[in-house]
Amino acid sequence: MLKAIKEKQRHKMGKWVNKLMGRWVSHPLTHSPFTIHHSPFTSLQRSVFSPGVFIGVVLLLFFRPLICGVTFEWSNTYAQILIIVLLGLWVIGMLLKWELSIHRIPLPILLFSIALIISTIYSVSRGISVRQLYQFLSYPLLYLLIVNVLGSPVTSHQSAVGSRQSAVGSHHSPFIIAAIFLAAILVIAYGIYQYYFGLERMREFLIAHYDISEFHPDFLRRALYGREAFSTFLFAPALAAYLGMILPLALSFFIYLSGWKRIFPAILFISGVFCLYLTFSYGGWASSLFAIFLVLLVSLRKYRVHILSFAVIAAFLLLLPYTREFIPGVERMGRSMSASLEVRLDYWRATWEMIKDYPVFGSGPGTFASLYAQHKIPFAEETRMAHNNYLQVFSEMGILGIASFLWLGVAFLKAGWRKFRESSKKTEKALLLGCYAGIITFLINSFGYFDLYIPGIATYVWIFAGVVMATRKGTKAQSSRGTERQRHNDKLPLSYRLKSNLLRVVALIVVFFLLCSSIVMVRRPMLADRHSMEAHSYLVRGNLKRAASEVRGAIKLDPLNPVFHHQLGMIYQRGGILNQAVASFEEAIQLNPFISHYHYSLGKALWTKSGEKDEALMNQAVASFERARDYFPASVRYRLILAMIYKRMERKSDALAEYKEALRLDYERAVKIEPWIGELKEELEQYLK
């Protein structure tokens, strides 16, 4: 009797699950209610999910360089959301096919992701690092998506019957190439137009729509008042780095294609070279030329001697400016290049000091700018980036981060070359060689720039890597080369066959929950930024109450971000609510104690609150001013202000020491930046006589 009841319950459960999954089974199940049957969802997955995911990838390829994350930071969040949605659709599609089939994740990428998470946990400012974590983790997820969607990994059943095809086949590559080339021609056209006609209008737009008051004048001089084309990337070297990835790809297709198909790659290459020249980025020129010569050497083997000769001449012309003994124009170019190198050497020395302070886990992703002022060499320019991807990854992510990053680059160079040699189709060889050379350009630029931290470029790097690694074994005899392990990795992804409807329902619920929660989590910082921007607009109009309300909304969405707490403190201070201003400044310092102007703001609020009568508050204010100086020892401004505070407290010897140190530093440039510093100097001179 009990056995019959259990059998009846099993039968009812099987009918419910089958109905939920779209397969009503009217007859009793002979074996198990979770037996796999043919599903209309399999055809749905093939007709909707796979093309939908691929279309999303193509859209990301097209729009990412057009809406660069440096200019429009909100685009980074939407790109992350798109990657999450596409990843979720891909997993749901596999669940509807009854089989989870995933290409193996390379160990360097896995270690890089682990290093990201660990360094965020031990970050000096988790609020800042979490934002960078979202951005950086989206890249391995994008790589995983590209490899599996373009690779179309064979299932265990397909591999058993010998299914074998090229990953970047004829049905995928035209759309990928079209998206890359169309976006590139738009970026190039806008860059050329910008240089000759629209540069001043673009600068007016940036000044009108962005708060540049907090930007350093050196940044404004280079980015907003230079004569270089920067197109959609805001920085001319960033545009040069992007073109350095596109030009080898265009040249590769021009060489491998024939007839009328070569026209568009030729137009793209010629216009791209001209736009690259308009950036006046010497590092971009050098890395792009190297990649172009690499494509020529590999694809035109008969002319290697001529190509190498041209390469030697080009290298000589690039090194010519350093001689400073030729025509005046070349001498000026040499001075510019040497000055740029000297500035970077200052950045790298400071970065190395950070590495020595945080060698194991790093200071945390995105925290370089917080620590740079503390290690800044006197007379060196200010910066938010190390201008060297390798050093910055080392300083922010520690030994595991830099080791995995270097391993990732070496592993790609080795595997990418093998993929190219094994390929047989001309279109595929052109795509592989172009992407391969483009990533080499990125690796070279990483020695002197921060392409990894520019989303429009970093996204393309990971997509290019995914496209190259998505290619499985070709049909040439060369495909027999390589180790047995490499061939096994190309044929069989990690695969798990779902054996029950219940398991599939649970998996779908979990995936849907993770998808929704990830989107909500990623959107919160963007929404917080919107509240902060609204607060700034209210503050400009003098509506302090609404401004404070908006900042509190930002803090509610992103409570670990010290910027919002400091912004709220500034609003309270402006409104004369000093107790709450002090509390907000202290909260900002607790979240990130390395920002010098947080300590300065706290000291100013405490000094105002003391009325120069409460000695305890005055001493607390002095301690805050001293911490501001300690976290930015090369600041003339903080030292002169501290000298004035010592003057008012009748600490003449301390005031004299700070005054002398301020003059020893880069005083002349400080006066140009903030003319009121000169008034402080004159007042101190009268006092110290």
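Glycine too: its Cβ is placed from the backbone N, Cα and C atoms.
Straight from TrEMBL, the features:
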type	residues	note
DOMAIN	268-406	domain 'O-antigen ligase-related'
REPEAT	562-595	repeat 'TPR'
TRANSMEM	48-72	transmembrane segment
TRANSMEM	78-98	transmembrane segment
TRANSMEM	105-124	transmembrane segment
TRANSMEM	136-154	transmembrane segment
TRANSMEM	175-196	transmembrane segment
TRANSMEM	234-256	transmembrane segment
TRANSMEM	285-300	transmembrane segment
TRANSMEM	307-323	transmembrane segment
TRANSMEM	397-417	transmembrane segment
TRANSMEM	429-447	transmembrane segment
TRANSMEM	453-471	transmembrane segment
TRANSMEM	501-522	transmembrane segment
Proximity of the transmembrane segment (48-72) to the transmembrane segment (175-196), 3+ C-beta pairs under 8 angstroms:
yes
Residues of the same chain, at least six outside the transmembrane segment (429-447), with any C-beta under 8 angstroms of its C-beta?
168, 173, 176-177, 241, 244-246, 248-253, 255-257, 283-284, 286-288, 290-292, 294-295, 298-299, 388-390, 409, 412-413, 416-417, 419-420, 423, 457, 460-461, 464-465, 467-468, 471
May I ask you to check whether the transmembrane segment (501-522) and the transmembrane segment (78-98) make contact, with contact taken as at least three Cβ pairs under 8 Å and only pairs 6 or more apart in sequence counted?
yes
Mean pLDDT, the repeat 'TPR' (562-595)?
96
Would the transmembrane segment (397-417) and the transmembrane segment (175-196) count as touching if the test is at least 3 Cβ pairs under 8 Å, pairs 6 or more apart?
no
